[in-house]
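Swiss-Prot lists 1-20 with the feature region 'Disordered'. Taken from Swiss-Prot, the feature topological domain 'Cytoplasmic' covers 1-54. Taken from Swiss-Prot, the feature transmembrane segment covers 55-74, and the record attributes it to sequence analysis. The topological domain 'Lumenal' annotation in Swiss-Prot covers 75-433. Feature annotation from Swiss-Prot assigns N-linked glycosylation site to 117, 218.
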């Protein structure tokens, strides 16, 4: 999976700032090379490098396609079967495994070469290797739980909570100065070592940001496209062989017995998604699954096979923030073969990730009643409903593998970045804007 935008590891001018640019660029590559009016006129005139014969044109077209692929293949997310060039060896220390994974039940870190074709990557879990790591990865939700296991200099000599908090948290005036003094007295980071802040929750569910000291981290790793290491919950990539009827988990339309499904794990009446659900259910039947609210248990066949029996899936995020589209869209809807009904960031933001005809957005309708009327219309008009699946002929869905993929992408970022120093001056201002 490729980070996008201004990220250090992406310096090619061909690379897009958003995933949508990748699939749009792929869709237009043939037109730029072979189908433009200018190219056809040049061919008729016998211009430079374009033979007049049909066989010559075919050869020229293949050559043009190959050259374009060489120049701009970086636009597309690297596929699991791609063969990257050998990279310099890099060690990344996982200071915490997310959500308390460190301990007797934790699994060993992945082999990035086998999983993602990222060679030269060594993931470390032994904190004694702190001094040899080129990058140290911190998971925010674990970072803000408390100070006992913070890294040097905050964990080297000062062992009281009060002293450690003064070093890591900017809760009072002079904390940054004291942290810098601690760097001098208890040992600094190895030269060039990056501290990477990792978080995949929305700003609404990311406590403790305002307390973190300024200039503590060098890089950010998140779902945000403007992160230093951009790892979305999923993305689309071009099929190697476009198909009229691509195979997938979703059953044939005749087997879709239900209309609208929603799987929800946390129920909060104050959330926008719950309020909208109450309005929607007055006008159309919604089957709710999960352990929260009015949900019924997910059947034994599993979540994906359950959702696959429905025409629509409510991909309602727990909060609405830029770029925050999660497994509710990529896994629960797209992978299951249901049309997603989205409540999250605005439509324009979603269209930065997926084709506009692949989803329905609640903002497209003045009320929940009008959305319900449209869903019932699509239920009766099969041809119109099927249009929401046309994109599947050309694109497939990649689901991010947590947490292996973000870890390995950190290795790739270190390998391909330069040595220019950088720090995040105010993490809260960046993430909460």
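Glycine is no exception: its Cβ is also placed from the backbone N, Cα and C atoms.
Neighbour counts of Cβ atoms within 10 Å were compared for the glycosylation sites 117, 218, and the top value is held by 218.
The CA atom of residue 218 (N-linked glycosylation site) is located 25 Å away from the CA atom of residue 117 (N-linked glycosylation site). Across the topological domain 'Cytoplasmic' (1-54), the model assigns an average pLDDT of 39.
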